[in-house]
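Colleague: Let me begin by handing over the structure; questions about it come next.
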Amino acid sequence: MLIVQKFGGSSVANAERIFNVAQRIAETYKEGNDVVVVLSAQGDTTDDLITKAKEISKKPSKREMDMLLSTGEQQSVALMAMALAELGYPATSLNAYQVGMMTTSTYMNARLKKIKPDRIRRELDRKNIVLVTGFQGMNRFDDITTLGRGGSDTTAVAIAAALHADKCEIYTDVDGVYTADPRVVKDAKKIEEITYDEMLELASLGAKVLHNRSVELAKKYNVELVVRSSLTRAEGTVVKEVCKMERMLISGVAGDDEIARVSLIGIEDTPGKAFDIFTTLAKKNINVDIILQSIGRDGTKDISFTVADTALTDVKEIVATHMDRWGLKDVDYNENLAKVSVVGAGMVANAGVASKMFEAMYDTNINIHMISTSEIKISILIDKKDMHKAMNAIHDAFQLVD
Ligand code: ADP
Ligand code: ASP
Ligand code: MG
């Protein structure tokens, strides 16, 4: 079998953890499998590199940030190759350039476009264990790019798809996908199987256990994923197209406190304004999430929307540049907000879900600022300080525990 395994930052945080992972890789290899391993940077390395950059510059060039951040993953693969050699196994480390990991040109948030798997195949033919840097790619200018925080999962799925791997295992510091982040909701329960669609919503709405693009790719190329622990032997969670198990109304609760709200106030109430504003933002690669437009009054209206907090500096610049053309009277920013969501394929035809969620907020005295719904999720915007309380209250309300 050809198996792709991905180990996250905490799984390779120090020498002991690296040897622990090396043992697990060796076990898979000894069973006669071809093994490709994708690694993240050790522990807090990526955060530490970001801090280092901030010490030098308030707004460093994104190209140089990628040059810097990509070094973390390169350390991990080299160290793992050394650990495997110590244990007596042949291993080769490769970076994005060596495996032809082509991406779009957007620095710090690039999307994978193509992989040339020839080099990996050659190494596998030589019976080497192949260790590939997660998170990084190359763009058409031959520059290093990165895939956005948590992007190593996406590297693993892309490689599994390109090589038509038999298995893609994502090893992390929890033993599967839970009904909510187990560090926030103590009663959260492990989910045995979850569909791509539900997992994609959970991941996009803040459940960092998987990078949302990795789930998108897994669905597109039908790569079945297993999320499991690098420290225990527990079975883990399977992510796939169709689940046999009886579906619950709600599969999970997710929270995201890395968001910001932008309010554009006093826009002239004429056709084409929203088109102009959101086209301008899109052209600058700003992903807009919840949008709310007020009812017009006195010939003007307000539009509020949320973005990732990391995009706020760029948004402020764009708004300042276009303030006059958009005819804005004022603009307001709020970074003290969080988004809490419930996700479940079972909610499509169930009107009671929203009211139950709102009731849980009323019971815990949490104020809702914005609401957004889709077929399989409901999200609310609340104060950041209330996020954990809200997640617990909603999790309780839907009795996601047996
Ligand atoms: P890695 O470094 O292995 O990629 P991450 O920190 O990116 O690990 O993701 C694992 C973390 O995701 C867990 O430690 C957990 O706190 C968090 N998490 C958030 N939501 C969930 C969820 N629904 N199920 C499991 N873990 C979750
Ligand atoms: N090292 C990167 C990060 O911390 C990528 C990853 O861990 O998936 O975001
Ligand atoms: Mg991760």
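Cβ coordinates come from backbone N, Cα and C, glycine included.
Pulled from TrEMBL, these are the listed features:
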- Lys6, Phe7, Gly8, Gly9, Thr172, Asp173, Tyr178, Arg183, Lys208, Val209: ATP binding site (BINDING)
- Thr46, Glu73: substrate binding site (BINDING)
- 262-345: domain 'ACT' (DOMAIN)
Colleague: Of the residues in the domain 'ACT' (262-345), how many are helix, strand and coil by DSSP?
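Modeller: Output for the domain 'ACT' (262-345) reads 30 helix, 32 strand, 22 coil.
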Colleague: For the binding-site residues Lys6, Lys208, which one has the sparsest Cβ surroundings, going by other Cβ atoms within 10 Å?
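Modeller: Selected from the binding-site residues Lys6, Lys208 on minimum Cβ neighbours within 10 Å: Lys208.
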Colleague: Taking the Cβ of Glu73 (substrate binding site) as reference, which residues of that chain separated by at least 6 in sequence fall under 8 Å from it?
Modeller: Leu39, Ser40, Ala41, Asn95, Thr133, Gly134, Phe135, Gln136, Ser152
Colleague: Summarise the model confidence on the domain 'ACT' (262-345) as a single mean pLDDT, whole number.
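Modeller: The average pLDDT of the model in the domain 'ACT' (262-345) works out to 93.
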Colleague: Looking only at C-alpha atoms, tell me how far Tyr178 (ATP binding site) is from Thr46 (substrate binding site), rounded to the nearest Å.
Modeller: 25
Colleague: Find the longest CA to CA distance in the recorded ATP-binding set Lys6, Phe7, Gly8, Gly9, Thr172, Asp173, Tyr178, Arg183, Lys208, Val209; express it in Å as a whole number.
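Modeller: Those residues reach a largest Cα separation of 22 Å.
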Colleague: Relative to the Cβ position of Thr172 (ATP binding site), how many further Cβ atoms are located within 10 Å?
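Modeller: Excluding its own Cβ, the number within 10 Å is 24.
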Colleague: According to DSSP, collapsed to three classes, what secondary structure does Lys6 (ATP binding site) have?
Modeller: strand
Colleague: Out of the binding-site residues I have (Lys6, Gly8, Tyr178), which ones have their Cβ sitting under 6 Å from ligand 3?
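Modeller: By the Cβ criterion, which requires under 6 Å to ligand 3, the hits are Gly8.
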Colleague: To the nearest Å, how far is the Cα of Lys208 (ATP binding site) from the Cα of Thr46 (substrate binding site)?
Modeller: 15
